[in-house]
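Undergrad: Encoded as structure tokens, here's the structure I'll be asking about.
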Amino acid sequence: MAKIRIHEIAKELGYDSKEIIEKANELGLGIKTASNAVEPDIAVAIYEYIQTREIPEAFKKNIKTPTAKKPKKENAKDQEKLNESEKKEPKKEESKEQEKQEIIDTHKPQSLASATLAKRRGLVIVKKKKDEEEIQVKKEEIKNSNDISINNEERLSLKTMFSNADESLKKKKKEKKSFVASKKESTEKMNFLDEHDFGDISLDDEDEVVLPDFSVKEQEKPQNINKKQPNFIRQAVGNSAGFGLEGGIQRRSRKKPPKKIEKKEVEEVSSVSISKEIRVYEFADKIGKSTSEVISKLFMLGMMTTKNDFLDEDAIEILAAEFGIEINIINEADEFDYVKDYEEETDEKDLVTRAPVITIMGHVDHGKTSLLDYIRKSRVASGEAGGITQHVGAYMVEKNGRKITFIDTPGHEAFTAMRARGASITDIVIIVVAADDGVKPQTKEAINHAKAAGVPIIIAINKMDKEAANPDMVKTQLAEMEIMPVEWGGSYEFVGVSAKTGMGIEDLLEIVLLQADILELKANPKSFAKASIIESSVQKGRGAVATIIVQNGTLAVGSTVVAGEAYGKVRAMSDDQGKALKEIKPGECGVIVGLSEVADAGEILIAVKTDKEAREYANKRHEYNRQKELSKSTKVSIDELGAKIKEGNLKALPVILKADVQGSLEALKASLEKLRNDEIKVNIIYSGVGGITQSDIELASASENSIVLGFNIRPTGEVKERAKDKGVEIKTYNVIYNLLDDVKALLGGMMSPIISEEQLGQAEIRQVINVPKIGQIAGCMVTEGVINRGAKIRLIRDGVVVYEGNVSSLKRFKDDAKEVAKGYECGVGIEGCDDMRVGDYIESYKEVEEQASL
């Protein structure tokens, strides 16, 4: 068995290598570094000494008490005894032993011997494996010892020897004996220096064992030996015998023994609870299977995954069935569901009636904002670009001493998410339908949103002051959607109104309050506040701003709040008119300042006790959303792989999108992502709320052919200059129609042009003339249109195209002609065609390119 290195012993025992070196040196082994190697039985001796603090028997027998007064004379006696022992050995080995003895004599100067005596005490043993004996240099005599010899036939692994040694050590601990040596004991270390007459001495064949003085607990390190030992090793390896000399020093093998990997026994798992978002390797660890097993199962099921990919619920359930394990899927979002915690803690005492929240919905340009303007006695619609609402607004009105909160939503098709959000946080929905226009697509969508939210619906038929108003048509169309008016035996209130004259407005508000009384809307103003964010944005000098409607509790200035990934303290609040407020009560709306970032529109805002609690909720939510986003990006099946490869070949228009509010940004992103076909698409590199910054310009410049789109915002002078220097185009809009139309035009320019054919004329071949060195010339009669020189033609025979090419020559009699019109004869030469026949037709045409549009 190969020798064992010190660092392997240290690793096996769980000790540091330095500690093992110290213990080995206490046994006189002369170990210098962790890479030094010892014989297996020496390793066992070190192990026993470390575990029991008892000197092994093999070392006790060799220890004697020499008196080192006359080292030179003793060396002479040693040589005499060595010579006597050599006489008994065969003649072949006599020369080698003499050379070894000469080395011992010549390389032991007085200075080194005295330094060794001062620094280190002990005996030196030189072992020779070849003769299976040890030559021991002592003060008085040399004895042969085979106590520490190696039995080559019984070589065990390091771990086996140590495990066997543990059993013997338990017995030895009971029979501990103290060993005390004389302080006068000393060791003279032989110094092998730079000589060429080493013979066949090998570093692998000899080991040095120093038996120290154990009475000295802390011995000084031999400085002289430490200095010379590295030199000795380097010289010994380098001094290989040259040409004509005997064998040199053998180089020690550098190969490390192969590491043995222990196989861990995996316990069988019958049931396990895992989260929805889990990676492949995490799932494998949970069920006690190897990652490769899980990946191979998924591959057989048609999913190409790596160990870092996320698994969806379907894949988890299928894998559970395959492995025969019961899986309980848990939702990690429950840990930071602050809304659930709030509802559990809500006390139903002290409930009072709150203001109703009304959402006005309907098709674009049906008069929703104008109706609200008349109610509020304001002109919001005139302030909107293009006269269409592109933001969600929340307003407060008072009727008969009672407050009503109105939410105005956009009617444009791009703002579907806004309408859905408005329906989900409202108490009553008013659907506005123009009496002269009837039910439109967004009207149907608004009704579906309201039905999905399960809230009462009131129909307001607007523009009743117009001559073309037809309320019966509106009622009929809505009846087809199962919205039956009360007068027709249904359960829905229909009110005819005019936002221009104010007709029917009072009746509408009366019905709203009556419906609110039926709903019995209650809230506890004394509890922690709970609100819904209907819009959010970034304002210069104020930071993140959110428009909210409080549903329960009272939100005051200084309250600590959390909304999704955003949190903070409410620094200031104001109403829809900009008037500062100190608190917002249930059912009321307002604008708050103080969130750490722009909160997502539609997020629930909760007031909490401490800032630490809010931060923890927000951070956990952020990490969860990040993991969820990563899981979406890594899930792919074999069927989807082809689609992804195809998508990679699409031309893309890189866009950086900035908007004034979160709701508009969502609507724009959704609309732009729909602008695509099999050839082109819009690639939104970055989107955000707020003005266009220099970092946006830098990002756009890093992407080839990218543009910056701004909605309801304007870039500053510095940003414009930066964009000009970088060659980045900035386009700003205040009407969503214009933005979408321009992007469509840009995408159309990126598409391959549409190539169409325009027929020019047709000629009948009546004679074929073979011209030497030129080829065939067709004598033709033009039957339709004109034949142009250089035009593209098709040669048609019996209705089948037999050749396509260009007109190489066109003659009228003997003169060249640019074109020949209908009814005239001409000679036509077709480039590369020598198979023209009488009766064939020549069809002339040109290709026209048209710009594609999306």
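In case you wondered, yes, glycine gets a Cβ from its N, Cα and C as well.
Pasting the relevant annotations from Swiss-Prot:
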type	residues	note
BINDING	362-369, 408-412, 462-465	GTP binding site
COMPBIAS	61-72	compositional bias 'Basic residues'
COMPBIAS	73-108	compositional bias 'Basic and acidic residues'
DOMAIN	353-520	domain 'tr-type G'
REGION	61-115	region 'Disordered'
REGION	167-186	region 'Disordered'
REGION	362-369	region 'G1'
REGION	387-391	region 'G2'
REGION	408-411	region 'G3'
REGION	462-465	region 'G4'
Undergrad: By a 10 A CB contact count over all chains shown, which of the binding-site residues listed here is most packed: Asp365, Lys368?
TA: Lys368
Undergrad: If we skip the immediate neighbours and take only residues 6+ beyond the ends of the region 'G4' (462-465), which ones have a Cβ under 8 Å from one of its Cβ atoms?
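TA: The answer is 366-367, 370-371, 432-437, 471, 496-501, 503-504.
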Undergrad: So for Met464 (GTP binding site), how many other CB atoms are inside 10 Å of its CB?
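TA: Result for Met464 (GTP binding site): 21 other Cβ atoms within 10 Å.
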Undergrad: Can you tell me whether DSSP puts Lys368 (GTP binding site) in helix, strand or coil?
TA: helix
Undergrad: If you average the pLDDT over the domain 'tr-type G' (353-520), what number do you get?
TA: 79
Undergrad: What is the three-state DSSP composition of the region 'G4' (462-465), stated as helix, strand and coil residue counts?
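TA: Breakdown, helix to coil: 0 helix, 1 strand, 3 coil.
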